[in-house]
Amino acid sequence: MKLCVALDLESKKECLELAKSLKGLDIWLKIGMRAFYRDGINFINELKKIENFKIFLDLKLYDIPKTMADASFELAQIGVDMINLHASSGEAAMSAVIDRLNQAKTRPLVLAVTALTSFDDASFKSIYNENLNKAILHLAKISAKSGLDGVVCSAFESAQIKQAISNEFITLCPGIRPFGESKNDQKRVVSLELAKEQKADFIVIGRPIYQAKEPQNIIKQILKNI
Ligand code: C5P
């Protein structure tokens, strides 16, 4: 299981300072909408100068197939290691993305968001009028069928998805609260222990790390536990 640290801090300076303090650790960095919309591609280049960190660019694409294929091609040019899109963009869009990226010699891993970890059964049902767990399995299956490398899901669903598809199908799980921290806006929150039991390939952690007094210590404790 790999730890992916979400760089969702208030300024580029703070993100870079955190990244500098993480040199040498066996982690991935996640750049989300906040940092990317604010600091752009230069920010990723600056991070790479600090260390050749593995980078997950979490922009959750959702559009028509051509726009998604074009956008994912552009993201691949940045040289990041993993990107993502919404599984609910559908098989045509997901296949278009993979077909386009496969034209190059190498491509980033592509994951599909099933249901955001900020949804619980009730909030999911109120949007999609569908059972959350059933929908997640279905979305994971169409993502696999479209050739994606894995899904973003909560760790509650990880083992079930792997069982339905394959052990190699990647599960990346946000909504982790390693030491019983506040849930914040997350609903499907999981501990480190359960994430391990559920065979999550990646766990994504933001606030419990960057809001801690000593983020490096928390990360070291997490790494010890995984
Ligand atoms: O601060 P926290 O640990 O809740 O951060 C979780 C990170 O994972 C955020 O950057 C959020 O955008 C991202 N994420 C998520 N749920 C998803 C996909 C991504 O929380 N389904």
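Every residue gets a Cβ built from N, Cα and C, even glycine.
As given in TrEMBL:
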DOMAIN    2-222  domain 'Orotidine 5'-phosphate decarboxylase'
BINDING   Asp8, Lys30, 58-67, Thr117, Arg177, Gln186, 206-207  substrate binding site
ACT_SITE  Asp58  active site, for OMPdecase activity
ACT_SITE  Lys60  active site, proton donor
ACT_SITE  Lys60  active site, for OMPdecase activity
ACT_SITE  Asp63  active site, for OMPdecase activity
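On the structure: features taken from TrEMBL.
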| residue | record | DSSP (3 states) |
| --- | --- | --- |
| Asp8 | substrate binding site | coil |
| Asp58 | active site, for OMPdecase activity | strand |
| Asp63 | active site, for OMPdecase activity | coil |
| Thr117 | substrate binding site | coil |
| Gly206 | substrate binding site | coil |
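Leu59 (substrate binding site) counts 17 other C-beta atoms within 10 Å of its own C-beta, drawing on all protein chains shown. Proximity of the recorded positions (Asp8, Lys60, Tyr62, Pro65, Thr117, Gly206) to ligand 1: a Cβ under 6 Å from the molecule is found for Asp8, Thr117, Gly206. Between the C-alpha atoms of Asp63 (active site, for OMPdecase activity) and Thr117 (substrate binding site), the distance comes to 21 Å. The average pLDDT the prediction assigns to the domain 'Orotidine 5'-phosphate decarboxylase' (2-222) is 97. For the recorded positions Asp8, Asp58, Asp63, the greatest number of Cβ atoms within 10 Å around a candidate Cβ is found at Asp58.
The distance from the Cα of Pro65 (substrate binding site) to the Cα of Asp58 (active site, for OMPdecase activity) comes to 18 Å. In terms of local Cβ density within 10 Å, Thr117 ranks first among the binding-site residues Tyr62, Pro65, Thr117, Gly206. In this structure, the C-alpha atom of Asp58 (active site, for OMPdecase activity) lies 14 angstrom from that of Thr117 (substrate binding site).
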